[in-house]
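**Student:** Take a look at this one; I'll ask things after.
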């Protein structure tokens, strides 16, 4: 009964549990990290003098048809006329930088070039040394670069590019350290829910961050767009202070967590957190690289991560430009439309995660079945949305465009209960490392997307935008098929056996330590409880 009481008192969604506050802090940390990166998408439409490049695009579109002989051509003609008219109307975009589309694409990729470097080892460091300090340094790095961005952009394009790369160095630590924290703080049956909570920071960044950015852009004070970098840089510093005060690497060392909650976590995980922490003290974990390379579920996760990041990077970076150049929306409407996929993600992802955990807990679905169902809907649903964007959207179909963005947002939200839950489940002793590997592929997807866009969309015509939409769709179809065949959420045999051997190593070291400090006692005098508590 006492155990049942502890469990009831320590439900995740109660004000008494420190786990809830850690999850919310992680969510706000991810909000800061994401918004400091994606606000460049909205800033760019305010920073760059796009009229310097628009005339060439208009001429190309004029050459695409001489006679209007179909409804499709009529729509193209209407949109082209609106483009010409908008050149003469103040739409709210007052940029001064003469950066070509290819230069803009390079800036969007710069963050990910930096992230690829640090993400290689960030998860491993989090597993060994703890995630708190690493995550703190990452957000501080991003915040400082944000404060400096208006100055260095005015000095030199190259300097601004380097600054974005340095920001990316910090971003490479964010997701792996958060995953490591989740593995230490939350029982397995809470992880989909918790992952949905803290990854909601991505959606909040897209909703609030881009909406606020569009409003700041229109302010005349300091030129408008620099306020975006200053405002969100300040938020990052505020979060850093809160994280420093309230967070800890493990529940057992957190001064704000109740003894009741600590006891609950110890019982529910059967000492798993203690064993993982102890392994860092007694045994530097060797990495089974061969098993990792041959792990089918890992490769399914890698491709799923790549596909999701490829698509969302494209949306985050270029959706404001698409709304301005193709849908011909003024600045005040641009910010509202940019919010749509993030609003559509926020509620469904948390509902899907709770449903997924509930179905697994009740035994209706196995963890693997749940992950496959949600991930397939995520990939195939995304593909359907982008095919619709490629074939049926132009400046005369704004409502359809909004509906397709909603559908994309709902589909994308399934990833938390799909591949993201899988990657933190298949090898618990190596969660941080495997997340880093997965995030490397995500970073490659992030960096590849702007480069593919610059190749497929050299002139900014609607047909070229459609090519990019189709590329996103094809990649998601392939990823969905692979995950359906090879995806899993079960602990792999090699990871389970390795975890057991690490526990035995800890016990043997504990025995040796006891014997060396208390020579009058024999090894048989050391009880199991003493070994466990060491």
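From the backbone N, Cα and C atoms, a Cβ is placed for every residue, glycine too.
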**Student:** Among 51-69, 70-88, 165-183, where does TrEMBL put the label transmembrane segment?
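**Tutor:** Of 51-69, 70-88, 165-183, TrEMBL gives transmembrane segment for 165-183.
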**Student:** Per TrEMBL, which of 249-273, 399-423 is transmembrane segment?
**Tutor:** 399-423
**Student:** Taking pairs 6 or more apart in sequence, does the count of Cβ pairs under 8 Å between the transmembrane segment (106-126) and the transmembrane segment (399-423) hit 3 or more?
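**Tutor:** No, since the transmembrane segment (106-126) and the transmembrane segment (399-423) share fewer than 3 Cβ pairs closer than 8 Å, they do not count as touching.
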**Student:** Same chain only, please: residues at least 6 beyond the ends of the transmembrane segment (399-423) with a C-beta under 8 Å from a C-beta of the stretch. Say none if there are none.
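**Tutor:** Hits for the transmembrane segment (399-423): 179, 191-192, 195-196, 199, 297-298, 300-301, 304-305, 308, 311-312, 315, 327, 337, 340-346, 348-349, 352-353, 355-356, 367, 370-372, 374-382, 384-386, 388-389, 392-393, 431, 434-435, 438, 483, 487-489.
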**Student:** Mean pLDDT, the domain 'Major facilitator superfamily (MFS) profile' (18-491)?
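**Tutor:** Mean per-residue confidence for the domain 'Major facilitator superfamily (MFS) profile' (18-491): 82 out of 100.
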**Student:** Short question: most Cβ pairs under 8 Å with the transmembrane segment (430-448), which of 20-40, 133-159, 165-183, 228-246, 468-489?
**Tutor:** 165-183
**Student:** Taking residues 6+ outside the transmembrane segment (133-159), which of them lie with a CB under 8 Å of any CB in it?
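**Tutor:** Distant Cβ neighbours of the transmembrane segment (133-159) are 29, 32-33, 36-37, 47, 97, 99, 103, 122, 125-126, 166-167, 169-174, 177-178, 181, 222-223, 225-226, 229-230, 232-237, 239-240, 243-244.
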